[in-house]
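Taking it in order: structure first as structure tokens, then the write-up.
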Amino acid sequence: MAEGEELQTFTSIMDALVRISTSMKNMERELICPVCKEMYKQPLALPCMHNICHICASEILVQHGYICCDPSSEPTSPASTPATRSPRMDRRVVPKPDRLDRLLKSGFGTYPGRKRGAVHPQTVSFLCPACQRDVDLGERGLGSLFRNLTLERIVERYRQTINISTTIMCQFCKPPQLEATKGCTECKSSFCNECFKLYHPWGTQKAQHEPTPPTLTFRPKGLMCPEHKEEVTHYCKTCQRLVCQLCRVRRAHASHKVTPVLSAYQALREKLTKSLAYILSSQDTVQLQIAELEERVKHTEVNGSQAKEEVSQLIRGLCTVLEEKQATLLQAIQESQQERLASLHHQVQEHRAMLENSGMVGYTQEVLKETDHPCFVQAAKQLHSRIVRATDSLQSFRPAATSSFSRFQLDLSREMKLLTDLTFIKAPEAPVIDTQRTYAYDQIFLCWRLPQHSPPAWHFTVEYRKSDTKAKALKLWQRCEEVRGTSALVEYLDTDSVYVLRVKGCNKAGFGEYSEDIYLHTPPAPVLNFFLDNRWGFNRERLAISKDQRAVRSVPGLPMLFAAERLMTSCHLSIDMLIGDMAITQGRSYWACCVDPSSYLVKVGVGLESKLQEWFQGPQDVVSPR
């Protein structure tokens, strides 16, 4: 039993070591400079939240014509030595410091980022190699950037964890270099014994430097302001930048919100801790999303190959049609050519027969020598028709066929334009809601149209949901799918509610973009559907009810003119009353009516049954209806 427990413990330890090793190897991707593809050396924090080696940034600026100081800011810093490189990466040639020193001496100013030959300071634009965005470094260039000491420490811990060989060589020995045995914090360099004595001569101020063990990183104890070389103590929330005491009192941060660095540390640490805890607690979700993405990758590969094959097949079909058409057109040209050549060859033969030494001329001459009259008539009769045709052909000479093939020219301008414009089908653009024709009643009648140059849509999908500002979560969208045409009717809605609707089109390329959301308010009470009663209660000479009993109009003629005259000249008017075919006993109801703007006085309302009966029994004149 004890052996089994020991084996289980050993297995657990090995699994933990494998997980740690895998985690460290995965973390190496975060420690690689995007330029040199090696582990960071003196990384600088760019304003776009990415990092880059100081020497890589300096080299990029030099390539763009800027003058940079010593890229390490510490000429003998071992951070730029080949010993700091990861053995997994290919080594690259690092520009020598003396080359950059020569460039510095040839320019103006002493801070990195001054353009060659520039007399006045200018802002430095730096293209971030990670996000490919232009970053403004200000007038001081790289001198305004903070050194990412935390990233340096992580790189150093990573090297120690994976046991990367970090043999430190003396930075001052001539080749072959000796292994460093001492370091100097003041000089920020590593030395062998002989070089340490040479560069720290007795009786000088450097002789007072205390030797330390050799190291790869000579970092300051704290983060220093790159402009004032003071320790940073505050954080500017407006600029999102660490500042020192001198920066804080400057005019540039006078109206900014500046907090102590401890407060920023606590706030960011709390946010980072919560975010990390959420990510760690959502590992199952992450795995599910990874599986979904991997499945999506497989589908993308399969669908991409299928799309390529479909396009290739269509192009092959197009080529087949073109080849068949080519064969047909060439056959027509060939037949016309053969026909013309046959006619021309025949005409050539006829003209050759008229030559002096031709057979027909010689035969005719021999026939003319015949003295026997009957025999001559017999022979000449056969020959005369040939001679007449030859004479006519000679007198009215015209080639039997034309040599031009202009009738066989092709105009491919339209086809070439179609082939040039041949591209993939595009999804429909976002529809535009027609607010003039869209309304909400007991149902929502939604109308839309596609933009002028939008690809056509096979069908549309209408989505709608109830908008409730008091609800904590949004309601799910409901759909009316495969709507043909450019209008839809949405039914079964709640009263006195706001609904949000949107539309998108679909064709062979898939669904397009959604239209802008439109908000419609349904009536405050259930809609009362009724018809106009056409049996009694109105003057049939002046009013006519439509067949569907939904509308009424005035009857043109003398009665209408008399009524209009009474309205214009008198203060009395007989009322033409219409009623609905439904009575309401209780509850709330809603209906709407549309009145033509050119109509005369129209009143809409609800009347008691007893009062209506009195009106119909004896119509009264209304005094001053206006």
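Any Cβ shown, glycine's included, is placed from N, Cα and C.
Keep in mind it's a predicted model, so treat the numbers as computed, not measured.
Mean pLDDT across the domain 'RING-type' (33-69) comes to 83 in this model. The domain 'RING-type' feature in TrEMBL is assigned to 33-69.
Beyond its flanks by at least six residues, the domain 'B box-type' (220-261) meets 140, 143-147, 149 of its own chain at Cβ-Cβ distances under 8 Å. Residues annotated as domain 'B box-type' in TrEMBL: 220-261.
According to TrEMBL, the coiled coil annotation covers 283-339.
TrEMBL lists 368-425 with the feature domain 'COS'.
The domain 'Fibronectin type-III' annotation in TrEMBL covers 427-525.
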Item to check | DSSP-assigned states of the domain 'RING-type' (33-69) in counts, ordered helix, strand, coil | outcome: 10 helix, 9 strand, 18 coil
